[in-house]
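Here's what TrEMBL has on this protein:
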type	residues	note
TRANSMEM	B:14-33	transmembrane segment
DOMAIN	B:18-158	domain 'DUF1468'
TRANSMEM	B:45-62	transmembrane segment
TRANSMEM	B:82-103	transmembrane segment
TRANSMEM	B:109-126	transmembrane segment
TRANSMEM	B:135-157	transmembrane segment
Amino acid sequence: MSDTFSYFLMAWLDPQLLLLTAVGTLAGIYVGAIPGLSVTMAVSILISFTFSWDINNALALMVGIYVGGVYGGSRTAILLNIPGAPSAVTTAFDGYPLAQRGEAGRAIGLSTVMSVIGGLLGTLVLAGTAPYLADMALEFAPRDYFLIAVLGLLLVSTLSGKSLARGIFSVALGGIIGLVGMDTVTAQPRLTLGSMELLGGIHYVVVMIGLFGAAEAFYQLHNLNQVPIKQKVDKIIPPFKMVLKYLPLSMRTSIIGVVVGALPGTGGDIASLFAYDHAKRTVKNPSSPFGEGAYEGLVAPETANNAAVGGAYVPMLTLGMPGDAVTAVIIGALVIHGLNPGPMLMIETPHIFWFTVGNLALANLFLLLFGLTGIRVFSKVVEVPKALMIPLILVLCVVGTYSINSNMMEVYWMLGFGIFGYWLKVFGFQMGPIILGVILGPLLDETYRQAMSSVGDDAGQFLLALLANPLSLVLTLVIVLVLLSQTPLKPWVRRRLSRQ
Amino acid sequence: MSQKFERVQAGEKVFDWLLLLLSVGVLIEAYRIDGIPGLNSPGSFPMGLALIMLASSLVILASHRYKQRDPKIRNARHELLVFFHQHFQLHIVVFTLFAVAYLAAIVWVSFYVSTFFFLAVMFIYFRQGRVVSSLIIAALAIATIYGLFTLVFRVYLP
């Protein structure tokens, strides 16, 4: 117990870790707020710079950026009607009308306090549930891991993007990219096109920087001359009465955020949509009609997307499955530092788990501090023209990619992925599923082959094992249900029922 | 019965056909690993993923039955023109070409020189002039990159 507590307080008591968490949170707010920059992009690039650091220092910075970034997107959503991050799209629905009414300061203040409440609740749930989940996960067979990974990829395919087929294509494409190189069991070259360069595989950080960094830079060229409308900001700190009034709603939407965030492959954007929908359905007398400046429409998504951060860490730290794109990138960071995300992480390196929990709580407190101050400086910084930002992003991508292995070929690959990612984005494909495919593809391959080996490579026995084991059966049924819910069968059943 | 049609972007169908071609290419490459794979062979999973890519790209192509192109687009030639107008705008083409040239130049003229020229030229081009401020910002950016990455992060730059 005392060890747990000392690990928890590590980031609070070490001045260097404290500083890195503070810098990360502050930087995250700006990264999340500036349209064109994203938390995933920042963390992807950071991995390549921080892999020689001590793991605690690297994690402190990344956790800060993650927490700050999820919140930061709301500021530009309120002030400029431009969500800085996908998780802040719903914040703009009511946040911007509030700013137009001259209540931008109050809206920012309330969203800060609610984000902190959501973030702290998410952290609490992470601390309370993850150790038990990890214990349970130790009992999982390789086929269960395989099924959980399939479920995660299926969820990300269904919940992001404009069609299931596009989502599934993206995930499979990511899996193929992740499998390039030598087979880990037989050392046989796979998907290398006969090239010696590809025998070592394509480093996932190269793919991440290409798809999240360079592709975004190219995509932002479409809005090069977008001029934001400025808003007047005053009275940031919300009255205590106001916070108390919206506390019950924030508690409910925090739970929604944690649960949705914990589903592998989802994230703050989906959590905030669910929470907004919940608020619309349950709040009978909002302060204004929803969509016209209702404080309830601001509170719900803002609490949920920050609560989803803690939720997203649950599957990452207990099962080694990323909760969202950012945790997928953080898994990469843990692996680079020689750690093993999954149930063994809790046994082999419990300090990493409790350090992360303590660090998340600390980052949320810094969020409160930075969220309620420095708004004037912030207003200036987010006005940085894209004409300056886009070339700089590309240079950062080059530096970040080169610093992984000091290999120019990987820089060329990064640009290639950037250009390919641009076209995918143009035609409605999401980058998140591709990255999750890259990370989970090799894991799926490994667990599938282990599961097959355990039943003597007999497909019949494999199917029997799926039906005989309660957990495998439940997971299989959930996968089938998710698939069926996305097929024409669902509308057909609904039509039949409505006729009856 | 009225059927709701989704709008298809100019060039989207061609892109989806290209994805189908990519899927076929991946399938061939997966087949080359060990022919028709066994259930637990190195090629089994890549083959499975390639088949998923192929099936989903066929579904994407089939979904075009429920999509309509913009009524303003008159014919295939007009669609091509709209596509080029949307995605090959001068500043996008210029940035892409300069990005490729920049990466090629890093090896020949060093990272710092090529980065300075890339940033300066792009700033001047995107800001339509303002040469002096663009040069100053590019120089400041180079100094920051050196300070941050070489001195603080201690990483190797190209």
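Each residue's number is its place along the chain shown, starting with 1.
Positions of Cβ are set from backbone N, Cα and C atoms, glycine also.
Annotations in TrEMBL come from automatic prediction, not curation.
Note that the structure is a prediction, hence the values are computed from the model and not measured.
Across the domain 'DUF1468' (B:18-158), the model assigns an average pLDDT of 88. Within its own chain, the transmembrane segment (B:135-157) is flanked in space by residues 111-112, 115-116, 119-120, 123, which lie at least six positions past its ends and keep a Cβ under 8 Å from the stretch. DSSP states for the domain 'DUF1468' (B:18-158), grouped as helix (H, G, I), strand (E, B) and coil, give 110 helix, 3 strand, 28 coil.
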